[in-house]
Structure formats: structure tokens, C-alpha cells
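Single-structure report; data block below.
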Amino acid sequence: MYSKVFSLISKYNLKPNSDLGQNFLIVGDVIKREVERAEIKNSETILEIGPGLGVLTDELAKRAGKVYAIEKDSRIIEILKKEYNWSNVEIMQGDALKIKFPEFNKVVSNLPYQISSPITFKLLKYDFERAVLIYQLEFAQRMVAKPGDKNYSRLSVMVQAKVNVDLVERIGRGAFYPKPKVDSAVIVMEPKPKDEQIELNENLVKALFQHRRKLASKALKDSYHMLGLTREDFKKFKPIIERVPHSNKRVFQLSIEDIKDIEEFLRNESLID
């Protein structure tokens, strides 16, 4: 993998674009493990976001029935089309945050770090069986954090409300070219059964975690505008907010179920839709 990536960089005089988060994975064993964790069948369709120079794409193409690879950089697309002769790979040019994803079973990607958050929230709106994704380590740690942890955040809540998530491998920065400033990690996500998924009001979760170390009721009072309340509304509803369930807990201690309790209370009191 190392020699393949560097031969292509040399051949095409390619300068990785830091604005697009181009840090190419160059360690074959890491790529092999990422593909193995996806447990790909030849009948399945795989989505890859940011194929880079195609080394992961090539391994996916050997196993899957179909691979959709979304790439924003026209230079990279030209290289992929010249260097590979895939019959089951469709390269889609565009911004992964803006285009509608095709139907897919699984998603396997070394994600551009600067779109980690929005692309994760977008993926959670799609039906898939498994996701094997490489993230910046700190972001991955937030995804798996539990109530009370220092990394527990809005991201932790919104992800774990929908999927089972595991951090399965830490990757040193030397596994990439150019070498990033931070380590990375492999995350595996599998959606929970529909009856176990919890739908949460995103504005409420944002309002709470805007002040993650404050008591739940105080956090909501300080972020009332994020709930769509005017100052006059807030004066009217302040006594109700003070009575929210779990008001004696700090936000970073709230479980997903606790947050759902707060949401249902506020909805019953007509504070949120």
C-alpha cells in the first residue's frame, strides 16, 4: 500500500490538499483489518466517502457487489479512472455533505476529518447494516463516551441513541501521508433495532450541552433561545423549566433516557414541539 500511494503521488506530482482533509492511509494491515471488520458479502453495496488514491476502494471492490465512492477532488477522480479498471465501482463526484447517498448496505471509509461531525449526523439518517469508519482519535472517543465521562457530549448522545458504537483500534499518525498532527481510531457502528432507537429533539440536546457542566435546569435556562423561546416566553415558562426531571444532575451526567424524560416533560408542558 505504501509503495502504491507514493508511486501515484510521484507519477502525477500530486500535492495532497489539506483543505479537503487528504491524509492518505498507507499501511496495508490497517486497511485489511478495516475491510475485514465490515464483513462484506459479494451481494452487498458499499459506500465509501473520500476514496483518496484508491487503495481501500480496491480492497472493497474485490469483495462487494457494488461500491459507490464519493470524491470531491477532480484531480483524484482522474487518477482513479486512469489507474484502476473496476467494473463494480461507481465514482460519484461531489460534496458528500450535499449529495444524496445512493442505497447501500455498509459504509467503509477513511473520513476527511473536517467533515467528521456533519457526515456522521447525515449517515445516522440512512438505513445501513454496519459502518467501519476512521476518525480523529478525540472525535472517536467522544462518540463512545458514557455519561459522566470527560468526553461525553452531544455527539455521544445523538450517536448512541441510534446505534451501537465501538472504538476497536487506535491508529498512529504514521499510518498516513501526509502525517496528521493527531492519532486516529477505527469506529464500528451498527444500528440498534428500531424499537430500541430513541428519537431526540436535536435543539434540546444542543441547548443542554451548550453548558455541559451545569445542572440540567440551569443549562436550559441559560439556553432558552435555542429552544425557540423568546425572552417573554422564558419569563413565563421559567418555573416549569426549574421542575424538569433530573434537574439535580449536571448535563454531562444525563443518560439518553434522562434526556428523553426531559424532552417529554417539556413537550407535555408545550415548551417544545
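If you go along the chain as it appears here, the first residue is 1 and each next one adds 1.
Every residue gets a Cβ built from N, Cα and C, even glycine.
S-adenosyl-L-methionine is bound by Asn23, Leu25, Gly50, Asp95, Asn110 in Swiss-Prot, and the record lists one more residue there from Glu71, Glu138, Glu169, Glu190, which is Glu71. Taking the binding-site residues Glu71, Asp95 in turn and counting surrounding C-beta atoms within 10 angstroms, the largest count is reached at Glu71. In the three-state DSSP reading, Asn23 (S-adenosyl-L-methionine binding site) counts as coil.
DSSP assigns Asp95 (S-adenosyl-L-methionine binding site) to coil, not to a helix or a strand.
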